[in-house]
Amino acid sequence: MAPPKKRTAPKDDDFVLTLSDDENDVFSGINEDGDDHLDEETAKSTTKKRKRDTAETTQSKNKKQKQQKQSKNGKQQKKVEEAASEPEEGSEEEEDAGEDDGALNSDFEFDVGAAAQKDVVEGFDGWGLDETKDGAKKNGDKQGVDIDEIISRRQAKKEAQLKKKPKKQEVESEDEGSGNEDDASDGGMSVDFQDDELMAEDGFGMGADGEDESGQSDAQESGSEDEHAGSDSEDSDDDDDDAASDNDSVATPVQHPDDVASDNDGSDIESEVDAEEEAKRKAFFAPEEQTSEQSAAELSKKSFQEFNLSRPILRGLAAVNFTNPTPIQRKTIPVALLGKDIVGSAVTGSGKTAAFVVPILERLLFRPRKVPTSRVAILMPTRELAVQCYNVATKLATYTDITFCQLVGGFSLREQENILKKRPDVIIATPGRFIDHMRNSASFTVDTLEILVLDEADRMLEDGFADELNEILTTIPKSRQTMLFSATMTDSVDKLIRVGLNRPVRLMVDSKKNTSMNLIQEFVRLRPGREDKRLGYLLHLCKEVYTGRVIVFFRQKKEAHRVRIAFGLLGLKAAELHGSMSQEQRIRSVENFREGKVSFLLATDLAARGLDIKGVETVINYEAPQSHEIYLHRVGRTARAGRSGRACTIAAEPDRKVVKAAVKASKAQGAKVASRVVDPAVADRWAQKAKDLEEEINAVLEEEKIEKQLAQAEMQVTRSENMIKHEAEIMSRPKRTWFASEREKILSKKAGAAELNGLDSVKSKKEKVRLSNKDKKRLDDSRQRNEGNIGWKKGKVDRESQKQGKIQKGKKENKKKGKK
């Protein structure tokens, strides 16, 4: 028995305790007997010197073990105290407790609000997270030119030049000024011939327009609101027409040709839905569930807890202050949890993002966790929308272990590849960057995708995205759940069938043409011949009417940039948002507008879809958009989530069709429509100010161009240096591939522009064609002849015709002489 005793001594001294189930007895013995009992045991088996060493080591271990055990014992004691505090009702309760199957009481409700009260975000809009700002700073490679800095620098130069003028010139200028004042006093009043001419041009028309517009304002106050000035003639009755025809001096009102065409188009569109198309829809869509009025009233009182969602999801919803689901969320969440395909549509600002994010998170909570795999792909048409959706999804998943990744253009490819190596659960991307990683990143596989979401699906189904969408759909698995959402969702079966939907459920909460009921729509009419005063109207509205939290939409990036410079010169704080800016600049513009550093956001249709910024009070359309659908998305940036807002459109005669469609849909819905009257003299004054700034605007543009060229030259230098230093590494990288050639890209871009603006816009642009040598020589000869360097040289035909003319002329002269 001696050998076992020798082995037990080192076991007690050198064995290190680990966390396991067998250590509970050891811990309890240590806590009950204390350090003295342990010292006695060690004294029997070790020397005095060893005793000191072991005592020091065991004391440090015992402290940690005691803390762990105390926490466990504390929890157990709490449970015992709670059990002891309950009233004893005899042995029957003990028998019932032993037979408990673990099910929750049906009346039990989670106190989600109190649990997440510390992290509640009031009015969360998907922006302002630190991740977005850090990502923009880290991944923004391009340093843009600061327009405000150029403007301030030029203004400082002008002030310095004025100060450098000698005092003599100042005295002379004062004398000249006094002389001019004397001359002006002789006339009695100053005469501005330019203003006089403008008033003379509009003299008769101005009075008529004013009466029409004042009549409209009276009609607006009485409750009958019109689309814009001039619509009274469209709504006149037959009796008025007969009375007008009886009087020779009054012309019978005639309907505008564009209105006639739009009415005919509308009737044709309504008649297009024939029996064949209806049969297609019945065969393609799943049958819709009929809800009674009582069930609809009950649904409006529902909360998120009644969807049987998991506690982490409910805590995430409470953290962003989502309490009651919106109509689209009430309809979508139960169907999406069943794994069915969905085609959803609701007005702007109704919570469509949360409608598909919440069921996705709920399903991912029950995923297998042994091997990380990417299961969800959410595709967005614009970068800003993808960044916003990423922020919303990560905020809702705060209390879960679900991982996310955003694949957006403008951010670092290397960092995105590193994140993809970890196989995140949800991928939020734009189509172009998604395809780039799909083809060129070895760590990214799409074979495991189970859910595909297309946000703003009607835009994704247009010709501009058709090729990219087809490439994605043919690569990812066909056995998936597909969900499509948009405010203006298409019903065309031919378009939807391309997505590969399997008997989708159609969830149309509102009509496709509806706007928010809290939105007031205004229209400012530009009379024929006053289209060049459009900027004057905009400056008047932004300077005197709508002074803060305004988004101004433009059709062209060039026009938005010029107006941005004009706003800076006039002292209006503005930021721009369009496709010519780097991703860092775009995110910075949105953040500055959101935080109130700037009052105006000048944007193209890039910001028309999905952008959710809290507190936007007004949307101004510098020009009416190309279609009514785009108009709905633009004005949907305000009056979101039950808040009120206002939209103002500056409309001329070419915009008549879109304005009429908007007014017609709003009246059918019962929304507020008004006509805003702007004094032409005020608009002319602001237009003249804008005209005076043209020279300064061009100078700022020229200086900006020079700075961009310098920045580009610096970038080329650094690129060349990197090529020299790291040539072997750069040349060893595999070349990135794309599914389409450059020619196919150009054709796809043209197809998208043709669908948006019409075929005429594409045909009107002159295509750049490479000239042959023969054509170049012909152009050079014509240029030289025009300059007068080389005279015109007769050709063979010209010489022969000239000879024939001389012969015929001689014969005629001989005949005349013979007659004489």
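The backbone N, Cα and C atoms fix where each Cβ goes, and this holds for glycine too.
Looking at 155-158, 187-190, 455-458, the stretch flagged in Swiss-Prot as motif 'DEAD box' turns out to be 455-458. As stated in Swiss-Prot, the feature motif 'Q motif' covers range 302-330 out of the listed 302-330, 505-533, 621-649, 708-736. Helix, strand and coil counts from DSSP across the motif 'Q motif' (302-330) read 17 helix, 0 strand, 12 coil.
The compositional bias 'Basic and acidic residues' (769-786): residue composition by secondary structure is 14 helix, 0 strand, 4 coil, according to DSSP.
Mean per-residue pLDDT, taken over the domain 'Helicase C-terminal' (537-714), amounts to 92.
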